[in-house]
Amino acid sequence: MSLLRCTTLLLVVVAIALPPCILGYSLHDGSRLDDFLTESAADRRPRRPTTAAQRRLMGLTEEQYKTVHFYLNKLKELGNQRHPEGYDKDTTKDEADKWRKRMRDDIEGELLNPEEYGRHFEGDIILFPEQAKQIYENALKTGQRRVKRKFIGSDLRRWDPTRPIVYSFDGSHTSREQRIIELALEHWHNITCLNFVRNDNANSGNRIVFTDVDGCASNVGRHPLGEEQLVSLAPECIRLGVIAHEVAHALGFWHEQSRPDRDQFVNVRWENIDKDSKGQFLKEDPDDVDNAGVPYDYGSIMHYRSKAFSRYDDLYTISTFVTDYQKTIGQRDQLSFNDIRLMNKIYCSNVCSRKLPCQRGGYTDPRRCDRCRCPDGFTGQFCEQVMPGYGAVCGGRIQVNGGWTKFSSPGYPREFKEGQECSWLLVAPHGQVVEMQFIGEFEMYCKVRHSLCMDYVEVRNSTDFANTGMRYCCYGTPSTSIRSATTDLVVLFRSFYRGGRGFEARARALPANGQWASWSPWTPCTASCGACGSRMRTRVCSHGACAGEPVENQVCNTHPCNGLCAHKKTEDGECGGFLALLRGVRCKQERTVMEPCENACCPGFSVVGGRCVR
């Protein structure tokens, strides 16, 4: 089994369970993972308490903390004013305590997405005062939050990919918890060009310090003034998927569902959102987005779940426009392929001098420039092969025709085993499409209360297999009849947590002789210049199967940006507070100035013939 595939599986691990494939996995210090996670006497010792005041405030001073929460409270008020749906000012319940208990797992008693329960921006994001002020002021003016998403845009907050990222621990984690955190860092190392080095003696310069003083929480991106930044991982956060989520914040990721194009993919149910949380769902300014051309991703580890910040247990706050994607959003098992692709586009695009002819949505691997990094389900130097089964003989390439071809989970109708994986590529003849239906009994482990798949069958039927597909789980046979957009359709069976009955399905080829209705008008472009925006249109197929997509997305407003842009500048200035009394001491200050735009095009685009092109 390849190291890449094995490390992908790592992120399904919760506090103590690890799949068998990684028991021989080695870290930089040469430790074997079976020794790596063994509890020692040190793990059973009480944690050393963290007493520094700034640790309690996650690196902020008392005054900074008050300023940030002043603007967060104003943002909360603004959200309730703009979206009064479902708000009852006469409600007298203690909703704060009830909300914190609400989404605990029925069976295992654990918080499914613990980062949502924090007291910070969007639950787990530590803002600096200037960020909080900017977010509120732009929301006040435009109804949107002016922040660069999905990836932070300021160069001051991006790490230097040519230098190792220093990290340390403040002593509040047990040695076992430290090992799990380092395993998550090792995963980021393996799938990007980024390197991490532990230095517990570092006392200056940019570095990440892991603590456990404030739930699950992190700043976004590198500290612009070259100081330490805290990533809080309390005991309930010590799961590899949650750790990867918080580390992604520290590396520059914001949350997925706040992208300005989100209304093309999900519907925010304002009437179902907790009255103190509506400010968390305002969108960003579309002219200030940096998604590096990576599309909206239902399967992103940075996406809220379906019932995030809901008033009551059974209310959806986010509904996907395509219903079959509903159980895809909110997963904290593993980084999606597009999460990894975006990180590599931002930090690693110049590592490999030659770009390989990768297939199936793959791209040149910055860790191995002679191979492609492939979407789940594919392998080979150029992603030309279907990934073989793991734990069972299953999967492969199936050529379908006009008759039904059946395939199923391992051993069906007997139960499959935990840890088994199968990948199928269903191929129809030229000019035809694949139709797939589930048949027979269906059982895959899910969190019913949270509307989230844990084990699943995923179907990718779009033109780009890099995008996360529709995930099916729980109990009862899905009634959906799925058709591919091209001659190919991908089906992934993944059992990370439990065994079960599994699934049986059938597939056949259909002539692509349906008739498309006219395209709808284009939606407004999400950005005004620089090929930074996208627009969408839809169409409906009738009288059979239609080749092609019912939805089309397009880069728009490709003319270069000009005029003035906001830039962050760091310069020496007068010190405040106690330091102002010291003669000759100068302090670094960051301020925003309007200057001619440096980047006429979004990352990944350049000016050719007066237009921004890839």
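Even glycines carry a Cβ here, placed using N, Cα and C.
Sequence-distant neighbours of E246 (active site) (same chain, 6+ residues apart, CB-CB distance under 8 A): E115, D124, C216, A217, S218, V231, S232, L233, C237. Feature annotation from Swiss-Prot assigns active site to E246.
The annotation Zn(2+) binding site is assigned in Swiss-Prot to H245, H249, H255 on the grounds of sequence analysis. Annotation note: H249 (Zn(2+) binding site) sits in a helical segment as assigned by DSSP. All protein chains considered, the CB of H249 (Zn(2+) binding site) has 24 other CB atoms within 10 Å.
The Cβ of C348 (disulfide bond) has 19 other Cβ atoms within 10 Å, all protein chains considered. The disulfide bond annotation in Swiss-Prot covers C193-C348 (among others) and rests on sequence analysis.
If you look up Swiss-Prot, you'll see C216-C237 (among others) marked as disulfide bond. In the three-state DSSP reading, C237 (disulfide bond) counts as helix.
The feature disulfide bond is assigned by Swiss-Prot to C352-C372 (among others), with sequence analysis given as support. The DSSP secondary structure for C352 (disulfide bond) is coil. Cβ-based neighbour count (10 Å, all protein chains) for C352 (disulfide bond) stands at 17.
Under the heading disulfide bond, Swiss-Prot lists C374-C383 (among others), citing sequence analysis as support. In the three-state DSSP scheme, C374 (disulfide bond) is classed as coil.
A 10 Å cutoff on Cβ-Cβ distances gives C394 (disulfide bond) a total of 20 other Cβ atoms nearby, all chains included. Annotation source Swiss-Prot lists disulfide bond at C394-C422 (among others).
Annotation comment: Swiss-Prot describes C525-C556 (among others) as disulfide bond. A coil conformation is recorded for C525 (disulfide bond) in the three-state DSSP classification, outside any helix or strand.
As annotated by Swiss-Prot, disulfide bond applies to C529-C561 (among others), with the evidence given as sequence analysis. For C529 (disulfide bond), the number of other Cβ atoms no farther than 10 Å from its own Cβ, over all displayed protein chains, is 21.
Under the DSSP three-state reduction, C541 (disulfide bond) is assigned to strand. Marked as disulfide bond by Swiss-Prot: C541-C546 (among others).
For 150-349, the entry in Swiss-Prot reads domain 'Peptidase M12A', with the evidence type sequence analysis.
The average per-residue pLDDT of the prediction over the domain 'EGF-like' (344-384) is 96, rounded to a whole number. Taken from Swiss-Prot, the feature domain 'EGF-like' applies to 344-384.
Marked as domain 'TSP type-1' by Swiss-Prot on the basis of sequence analysis: 513-562.
According to Swiss-Prot, the feature N-linked glycosylation site maps to N190 (among others), an assignment based on sequence analysis. According to DSSP, N190 (N-linked glycosylation site) sits within a helical segment.
If you look up Swiss-Prot, you'll see N461 (among others) marked as N-linked glycosylation site, on the strength of sequence analysis. N461 (N-linked glycosylation site) carries neither a helix nor a strand DSSP state and counts as coil.
Marked as signal peptide by Swiss-Prot: 1-24.
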Statement: Whole-Å Cα distance, C561 (disulfide bond) to C374 (disulfide bond), is 34
- prompt: Taking just the CA atoms, what is the gap between H255 (Zn(2+) binding site) and C525 (disulfide bond) in Å?
  reply: 21
Statement: Nearest to N190 (N-linked glycosylation site) by C-alpha distance, among the disulfide-bonded residues C372, C422, C529, is C372
- prompt: What other residues of this chain sit with their CB within 8 A of the center of the CB atoms of H245, H249, H255, the recorded Zn(2+) site?
  reply: E115, E122, D124, I125, S218, E246, A248, F253, W254, I301, M302
Query: Per DSSP, what is the residue tally for the domain 'EGF-like' (344-384) in helix, strand and coil?
result: 4 helix, 11 strand, 26 coil
Message: Just to confirm: which same-chain residues, 6+ apart in sequence, have a Cβ under 8 Å from the Cβ of C422 (disulfide bond)?
response: G389, A392, C394, G395, S409, P410, L492, F493
Message: Nearest of the recorded positions to N461 (N-linked glycosylation site) by CA-CA distance, picking from C193, H249, C383, C546?
response: C546
Message: Fewest other C-beta atoms within 10 angstroms of its own C-beta: which of the disulfide-bonded residues C216, C374, C383, C546 fits that?
response: C546
